[in-house]
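Trainee: To start, I am sharing the structure in question, which I have written as structure tokens.
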Amino acid sequence: MDHPEISAGWLSRLFYHWTGPLQRKGLSEPQVNLDDLYPLLPEDRRDGRADAFLALTAAQPVRPWPITAFIWRHYRGRIGLLTLLQMLGMLATLASPWLLNHSMTQLGAGAPTEQKLLLAFALFASVLASGMLAEHSLQLALKMHVPIRRLLAESLLAKVMKLGGKSFDDRAGGRVQNLINRDVWDITWILADPAMPLTMLLQLLGTIALLVWQVGSAGLVGFAVLTLLLLISTRVVRRMNQQEQQLKRQQDERNGILAEYIKKLRLVRQNGLGAFFTRAAGHKRQQELGVLGRVLRLDAINESLMLSTPLLVTLATFTTYLVSGRELTLPQVFTTIALFTVLRIPMMRLPYLIRTLINFNTGFNRLCEFLNSPEQHRDLTDPSLPVGGLRLDNVTALHQQKPVLEGISLHIEPGELVGITGATGAGKSCLLHLIAGFDNGFEGSIRRHGRVAHLGHKPWLMNDTIRNNILFGQPWHGERYRWVLGACALGADLTLLSHGDQTLVGELGTRLSGGQQQRVALARALYAQADILLLDNPLSALDPIVSAQVLEQGLAFKPGPTRLLVSHDPDVLAHCDRVIRIEQGRLVELDAHQLADLIQHPRPTPPVPPQEAEQFSEEKMVEGKVDWGLFGFMWQRLAAPGAILLALLLTLGQEGLRIASDLWLGGKAGVTGVSELLGIYVLLGAGSLTCIMVVRVINYKLGLKLAWTLFDGMLGRISRAPMAFFDKVPQGRILNRFDRDLGEAQEILLSMLMGLFGMLVSVVLQVVVIGVNMPLLLLIAPLVGWALYVLQRRYRAVQLKLRRQASVLRSPLYISISETIRGAPALRLAGAERFALDQVLLHYDNNLRSWYTTTSINRWLGMHQTLLSAALVGAVALMVAFGNSSLLGAVAITYAFTASAMLNSLIRTFAEVEQVMNAVERVREYSEIESERQEGEALATPHPAVRFDNLGLRYPQASQWALHKVNFELAPGEKVGVCGRTGAGKSSLLGVLQAMYPASQGEIYYGEQPLSRLAPEAVRDLYDTVSQIPLTFFGTLRANLAPLTKHDDAALEQALARVGLAERCAGRLDEELDKLQLSAGETQLLVIARILLSRRPLIVLDEATSDLDHIGMRKMAELLYRYRPEASYLVIAHHLEPLLSVDRVVVMEAGTVVEQGSPVSLLANSHSRFHQLFVGQVNRQVPQTV
């Protein structure tokens, strides 16, 4: 739709009436949708300036000033208009106290009514002009945010596309998130409104000049006190900024732990490590709260200073004036009070302006530091080579000062299919990374010619449809697309999916099986018609039948592109033109005899998820008004009724004493008894200051308590939520609750609530004072009240719904940014950088649309509040013009002036509190989600038998049984293997066994105790699990080896030695695991070492050998069976040779056990299912095997 502002008339633009349709919808509809948000204005959309800006930030080195100059040069017209409006608004603001002084002077001098009426009209006009100019200048500044934030965000994402490889890990991804979500915001405030600091300074100087005009040199004393307080406040703010930077780092680390926990939750629960992760997150949260406590304490000090400043400055000014022997007049008293009211606004904003300038400088430096990061992608293109040609000459790659590849040379002709094999950790993946250009850390020469596609060990997919993942932004070609689907054996899978190739793959492709993920990624590479394909175990997740089809049709076809194929499988390597083995950093080309001598064991395959997951549920957006039960929720979390009531009473006292001090001084104008006058005035002021400081201390203490209880409540529920919850909710949405929502609830909510109550008390008291002095004004009070009701009703209704919509829109943005960061290498190789940027910027634009719509509604409120305030001041001035009492008139005009300014803030703050309560609403939702059963019987025996009794499982909304009438037993110390084709129900069996999903029928017994009576965590504590994806996590090597128990160094080193990692990890137990940069196979061995240290009675091997070579497969089984002979083993496998050493085999089909027995007896029976499966997989004679 077109932006309604474009077609609006001048009057509608002046008062923002063009926002009316959206406001009416906010009143009548339960929620505001994405389509209701205003589109970006044409001048704010992407244009040629974006390309010029990208070119500027791509040139090294990047410095703040050229970026600033670029933006100010290209938007100089808007910035010039903004500066003019701000200057005019400042003059109008300063005119109001001057006119107020003249009105009171004329009132006391008995001036003609005509003059008083003229001054009343001038006062009305100054308040109106000041408010209107302020609102329009603010809107113009905020409109500038849209193109500037977009430029900065796009430049950061464009830089991400040039990074990648080993140096760009998950924590670097978190850094980019912070740069886009926080630093860009801090930078834009100054870039969009460069005149703001100057305007504020001029307003301060102008106000001080008027003070000197009123009270002479006493005004300079007040200014000196003001300056001193400002310097103290600046020091406090600077210190607070340092603490906030540290707080950001702590929050990043805490969110990193939570992100890893949620991402690996299934593996965490399979290994009974939930308590480790929640304890680690809680410990990190305690450290974070230590920093947050310092931030809140400094904020309390700063807020006390700011609220105390007008009182202290007034006290210093009037005391100096009276002590000098001069007499205060009524116009002086109330004009000075009005001037300090004007001064109060920039004074409250000044520390935050200083803070903004500090954040601007810090953020700009961080931005430039990132843009100046060395780019990991080296251009290896050599046009002199034929397309598809590849040359490596004397290449050496180092890790930890040790060569991984040493002096290797390799020449590959176009169209060759070259197999790469070698032991675990030999450097196979490293070789592909070097050729892809992901890693600059090598010596020698690597040259290639043509487009390159890389299919990593863990393929990266966009959270989009299968079709869009294959097309990857390229044009649609039906014939090529159909060929790719056939070559990758995806046709049968698509027929089983309800939406075919329009099925969403989910975050990180989690809604597809591991084999489907690999085939979709391969289809993308084939569709792109890359000239060089780098394939890292592309068939590892496929069962033998599908693997053979993909190998014949998708990998080994002739003629084809140049292909480097990493594999341990001899059947795969037999299709290659050449096979190269990496041995001790060298390349050895195998001849036919050496290839034949390779161990003829096919590789195992990873588990298939229990079923096709449903589409992720849409994030629920609460409808209607804020639930006032949220305050009850906070009351329960705080559990401090006495402190809350005391804070409210002290706030009432704070405002009451402040107003009493003004009235006392005004009532005693002209009195010569300085000691009595100052004594009472000082006493009232000191009482108000005491109330301010005590309230801030209480607020600080309550804020810390609320921060912990909100986090602890959410983490407790998330850690105990059923797996079905995580199947439907993406990771980014959960992290959004722990990041933005929790941050708003813990850092600003209590302060806003206390400020709102203080403003409400102040307005009520001032209206009472006006009403007592001029009862006639009470006649217009109902009219003012009705107008305020209409304004707040319309504003709050739409603003709350906009806030909820904005909260929902943040999650897709977080997810898309994370996804793009993770996929940057693949996107760059595919030449899809622009495609990916446009996808992220679409979400970013939606957030900008939401933000701009909200600011427009705010300006509508501001304009109408300005009209109301001006009308109130004008009405009081008119009544005073016809009155005779100078004291009553001065009080009425002054408090009409200050109350109108307070009313503007009151409605806006009330709406902001409602909006922040939306964050509490979302935190409460995740604090009350369904939880797994926590109570249960204690296990009667530490090593129970496990018996499946008529077990059945049907997933929600599924028509077919995933498991049906499953019956078998795992005795203590027994080894039982479970096999079957894809979809047989093996992973579903494991899901029920480890209490991931509740059984739909039947039962699992641990000893004589049914699983349904045991607490899930107690069941999971029985298991160690080795799965296809090895579970490692943040922290040191020591923590990864023994996360729940303590072992001495000798025991840890012995475990590492047993799995062959002693030399690799010597002396590095306390080193961060990610610095070791273990290969996939070495990581799997690390998990085995962890299990050797454990004493849990049940061990599950769930496709456990996926990342090991054939020798490593045998070694792993021998290690476990030798050093953990007392354990019971459940071995789940697609491939069957690992099952030859178990005591009993269970064969499954379609969720049912079709046969079971010893592997020897089943193999000996040519009619058994196990025999038939074995013959179909293994290239040996069954009698020889038996």
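Backbone N, Cα and C atoms are what each Cβ position is placed from, and that goes for glycine too.
Curation does not apply to TrEMBL; its annotations are automatic.
TrEMBL lists 233-260 with the feature coiled coil. The feature domain 'ABC transmembrane type-1' is assigned by TrEMBL to 81-359, 645-915. Under the heading domain 'ABC transporter', TrEMBL lists 390-609, 946-1175. Residues or ranges marked as transmembrane segment in TrEMBL: 79-100, 120-142, 211-232, 304-323, 329-347, 638-657, 677-698, 748-768, 774-791, 866-882, 888-907.
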Trainee: Same-chain Cβ contacts of the transmembrane segment (638-657) under 8 Å, 6 or more residues past its ends?
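Mentor: Contacts with the transmembrane segment (638-657): 307, 684-685, 687-688, 691-692, 694-695, 698-699, 701-702, 705-706, 709, 754, 757-758, 761-762, 765.
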Trainee: Where, among 304-323, 677-698, 866-882, do we find the most CB pairs under 8 A to the transmembrane segment (120-142)?
Mentor: 866-882
Trainee: Determine whether the transmembrane segment (677-698) and the transmembrane segment (304-323) share at least three Cβ pairs under 8 Å, counting only pairs 6 or more apart in sequence.
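Mentor: Between the transmembrane segment (304-323) and the transmembrane segment (677-698), which are separate recorded stretches, there is contact, as judged by 3 or more close Cβ pairs.
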Trainee: To the transmembrane segment (304-323), which of 211-232, 329-347, 748-768 is linked by the most Cβ pairs under 8 Å?
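Mentor: The stretch I would name here is 211-232.
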Trainee: Same chain only, please: residues at least 6 beyond the ends of the transmembrane segment (748-768) with a C-beta under 8 Å from a C-beta of the stretch. Say none if there are none.
Mentor: 299, 303, 647-648, 651-652, 654-656, 658-659, 695, 699, 702-703, 706, 781, 895, 898-899, 902-903, 905-906, 909-910, 912-913, 916-917, 919-920
Trainee: Please give the average pLDDT for the coiled coil (233-260) in this predicted model.
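Mentor: Taking every residue of the coiled coil (233-260) together, the mean pLDDT is 82.
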Trainee: At an 8 Å Cβ cut-off, counting only pairs 6 or more apart in sequence, do the transmembrane segment (329-347) and the transmembrane segment (211-232) clear the bar of 3 or more pairs?
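Mentor: These two stretches do touch.
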Trainee: Below 8 angstroms Cβ to Cβ, which residues of this chain, lying six or more residues outside the transmembrane segment (774-791), approach it?
Mentor: 767, 861, 864-865, 868, 872, 875-876, 879-880, 883, 888, 892, 903, 907
